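Here is what TrEMBL records for this protein:
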type     : residues   : note
ACT_SITE : 61         : active site, proton donor
BINDING  : 59, 91, 94 : Zn(2+) binding site
DOMAIN   : 7-139      : domain 'CMP/dCMP-type deaminase'
């Protein structure tokens, strides 16, 4: 995968920041915004939506993926940008969902609101494979069900 353009990172950051500001997180107080950029240059946002029944909570990353699918279907994803404060990586459930829709080399860009606003630099850039070394994917499912 090619390196994301700075202008695309900036656009994704501001879109994720806007989504983050709409977070419904009365329990954790941890606001998360996410933005996916597709190969077709479309951007899709998501934010975390918590629930008193914590299992019903939906993370920003999964909401962004769902937003993309609802609007234009499954697409090739260039990167996902995550905006939190303090910075954080996606949870394991989100990484598992990403496995279904992302290439293993898809970039996951981690930003922290205050520092990105100051210096326009991501905190870290990972690939999905960096964060989920051994995924339970379609190949693994086929292996265990045959």
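Just so you know, glycine gets a Cβ as well, placed from its N, Cα and C.
Bear in mind that the values here come from a model prediction, so they are computed numbers and not experimental data.
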Stretch-averaged pLDDT - the domain 'CMP/dCMP-type deaminase' (7-139): 96
Same-chain residues at least 6 apart in sequence whose Cβ lies under 8 Å from residue 59 (Zn(2+) binding site): 32, 34, 46, 48, 90, 91, 93, 94
Within the domain 'CMP/dCMP-type deaminase' (7-139), residues counted as helix, strand or coil by DSSP: 54 helix, 32 strand, 47 coil
Least surrounded among the binding-site residues, given as 91, 94, when other CB atoms within 10 Å are counted: 91
Packing count at residue 61 (active site, proton donor) (other Cβ atoms within 10 Å of its Cβ): 26
Shell of the Zn(2+) site beyond 59, 91, 94, same chain only (C-beta within 8 angstroms of their C-beta centre): 60, 61, 62, 90, 92, 93, 95, 97
